[in-house]
Amino acid sequence: MNKLRQKYLQKWLRAQQEPIKKLMRANIVLATLSSFILVAQTYFLATLLDKLIMQNVPRDELIPYFLGLIIGFGMRAIILWAREKIGFQSGQLLRNHIRQKILDKIHLVGPATINQKPAGSWASIMLEQVENLHNFYARFLPQQSLSAIVPVVIFIAVFPLNWAAGLILMITAPLVPLFMIIVGIAAADNSQKNMDTLSRLSAQFLDRLRGLETLRLFNRTSEQTEHIENATEDFRETTMDVLKLAFLSSAVLEFFTSISIALMAVYFGFSYLGQIEFGTYNAPLTLFTGFFCLILAPEFYQPLRDLGTYYHDRAAGIGAADAIVDFLESDYLTVHQNEKTISLESAVEISAENLVVLSTQGSALTKPLNFQIPANHNVALVGQSGAGKTSLMNVILGFLPYEGSLKINGQELRESNLADWRKHIAWVGQNPLLLQGTIKENLLLGDVQANDEEINQALMRSQAKEFTDKLGLHHEIKDGGLGISVGQAQRLAIARALLRKGDLLLLDEPTASLDAQSENLVLQALNEASQHQTTLMITHRIEDLKQCDQIFVMQRGEIVQQGKFTELQHEGFFAELLAQRQQDIQ
């Protein structure tokens with residue numbers, strides 16, 4: 001990562017702190033107050049020791065100084081607790097703020113873009129990388145301000161008593177941040193590499209975990225285990241590189257801090273021996289002055305040392321922000337959102353004229369498409385993998401941008417309220433998502449107002465009633481659909497879609513996981529449903545499309561044939577697909 005990129009990422013991170021500006025100011029004010037209390041405590045302690053050792057003052061007269069010292073400890077403890085709490089709240093608010101920005105962007109670009117990355121990579125961005133921003137806001141930014149304020153407060157307190165001690169502080173102070181920067185130059189690069197390695201490890205591990213059954217069937221578990229081990233070793237090495245820099249930085253900071261404090265101790269030692277006679281403004285050097293300056297000396301460097309420690313939080317934050325900013329600022333093409341709703345007083349009718357579906361990067365996914373889907377028609381979309389069928393369905397859902405014209409009931413889709421449009425769509429995909437919860441809770445995602453009779457009707461039509469009667473509607477489905485078979489999950493998804501009563505039914509291989517008998521029964525239910533709504537179905541089982549009102553045949557991103565089954569079965573690319581399908585069945 002070059003320096004310009006690092007500067008830009010740090011500028012971006014600072015620009016995100018608008019929601020927590022008040023908390024940040026409160027943190028700095030409390031820390032400044034704590035530094036004044038520290039100076040007062042040091043005054044009480046130095047005065048107490050001077051009076052006790054040099055002036056032999058009765059102990060009764062020292063009680064106010066003891067009380068001042070104790071009250072100071074109590075106040076600083078309360079301030080420290082308040083600062084820790086404010087810092088945590090700041091980091092938490094910023095994490096939530098940035099996560100919301102990521103979620104908003106994900107919602108904007110849609111699933112067609114999200115599927116371009118493994119789920120593990122998204123999980124890493126949303127969880128680990130956003131978490132790594134916490135200390136940047138909770139610790140580094142407040143400490144950066146304090147490292148300028150607290151030393152100035154202490155310098156102002158020390159310099160009027162002894163200008164030589166103040167001069168030592170002033171000369172040695174820049175050494176700490178200087179060497180901190182020198183040592184930490186590579187920290188951001190190492191942190192960014194560490195985040196990239198973690199993202200790859202997360203993606204690999206989650207994908208292999210999900211495909212464990214397939215790996216076992218093909219006897220590839222040992223090979224993939226080795227890949228995971230290699231990725232884990234890479235992550236260990238990058239983590240150790242970050243830790244090496246952290247320990248080296250700490251050692252360098254401690255060294256220069258110790259040297260600086262030692263210089264002041266040597267100065268006062270020789271001054272008390274009478275070897276040095278400057279720095280006191282021609283006044284005698286008292287024990288109070290020596291104690292006061294030496295007690296404050298470590299506190300003078302402490303904010304700078306803390307900044308050095310938290311400097312690695314800055315590096316970690318910049319490294320984590322790289323992938324986040326890259327996603328948030330990527331120039332994805334999206335369908336423009338409008339407030340105009342589509343009139344659905346009549347059934348859905350779709351028409352396309354020179355429609356070219358675009359990816360979010362702007363490349364064409366299809367050639368110009370021209371078609372008409374009349375209201376209440378059951379239309380099948382067939383073709384080989386990669387022909388553009390799913391892209392066409394995604395553009396109808398409003399997940400992909402397009403050129404040309406795509407009208408729903410005569411209204412251009414790009415000029416419509418997409419959120420409202422999707423409320424009128426029922427959709428079943430190849431791998432339907434069932435959430436962790438009961439069967440009934442998953443069905444009610446289709447229509448939260450549905451009663452038991454409507455649920456039973458949908459289950460019967462989707463051929464799911466058979467197993468739901470045995471399991472019960474309150475049967476618990478685990479994460480990822482565990483607890484039911486793939487075919488059962490498919491039928492529940494179809495029941496959910498039928499329950500939704502959408503004006504448009506979109507089906508992507510709805511019978512892919514069903515046996516022949518269930519498939520025929522479900523197709524009958526879908527054919528019945530299509531009498532009351534417009535239906536567009538993607539399928540490879542083209543031998544079962546005799547009931548469809550119309551078939552669109554796609555090849556290499558264009559519709560090469562349109563018509564009914566009887567019109568297409570003996571000619572063109574559809575006849576080839578049908579012959580190939582029948583050969584596969586045999």
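Glycine is no exception: its Cβ is also placed from the backbone N, Cα and C atoms.
Counting every protein chain shown, the number of other Cβ atoms lying within 10 Å of the Cβ of Lys389 (ATP binding site) is 23. Feature annotation from Swiss-Prot assigns ATP binding site to Gly383, Gln384, Ser385, Gly386, Ala387, Gly388, Lys389, Thr390.
According to Swiss-Prot, the feature domain 'ABC transmembrane type-1' maps to 28-316, an assignment based on sequence analysis.
The domain 'ABC transporter' annotation in Swiss-Prot covers 350-581 and is backed by sequence analysis.
Per Swiss-Prot, transmembrane segment is recorded for 28-48 (among others), and the stated evidence type is sequence analysis. Within its own chain, the transmembrane segment (28-48) has Cβ neighbours under 8 Å at 62, 65-66, 68-69, 72-73, 75-76, 79-80, 82-83, 86, 142, 145-146, 149-150, 153-154, 157, 287-289, 291-292, 295-296, 299, counting only residues six or more beyond its boundaries.
What Swiss-Prot records for 62-82 (among others) is transmembrane segment.
Long-range contacts of the transmembrane segment (146-166) within its own chain (CB-CB distance under 8 A, at least 6 residues past either end) are made by residues 28, 31-32, 35-36, 38-39, 42, 173, 177, 264, 267-268, 276, 278-281, 285, 289, 292-293, 296-297, 299-304, 306-307. According to Swiss-Prot, the feature transmembrane segment maps to 146-166 (among others), an assignment based on sequence analysis.
Summarising the annotation, Swiss-Prot assigns transmembrane segment to 167-187 (among others) and lists sequence analysis as the type of evidence.
According to Swiss-Prot, the feature transmembrane segment maps to 250-270 (among others).
Marked as transmembrane segment by Swiss-Prot on the basis of sequence analysis: 278-298 (among others).
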What are the other residues, in sequence order, whose C-beta lies within 8 angstroms of the center of the C-beta atoms of Gly383, Gln384, Ser385, Gly386, Ala387, Gly388, Lys389, Thr390 at the ATP site?
Met554
Is it possible to get the count of other C-beta atoms within 10 angstroms of the C-beta of Gly383 (ATP binding site)?
25
Fewest other Cβ within 10 angstroms of its own Cβ, chosen from the binding-site residues Gln384, Ser385, Thr390:
Ser385
Thr390 (ATP binding site) - helix vs strand vs coil (DSSP):
helix
Just to be sure I understand the packing, how many Cβ atoms besides its own are within 10 Å of the Cβ of Gly388 (ATP binding site)?
22
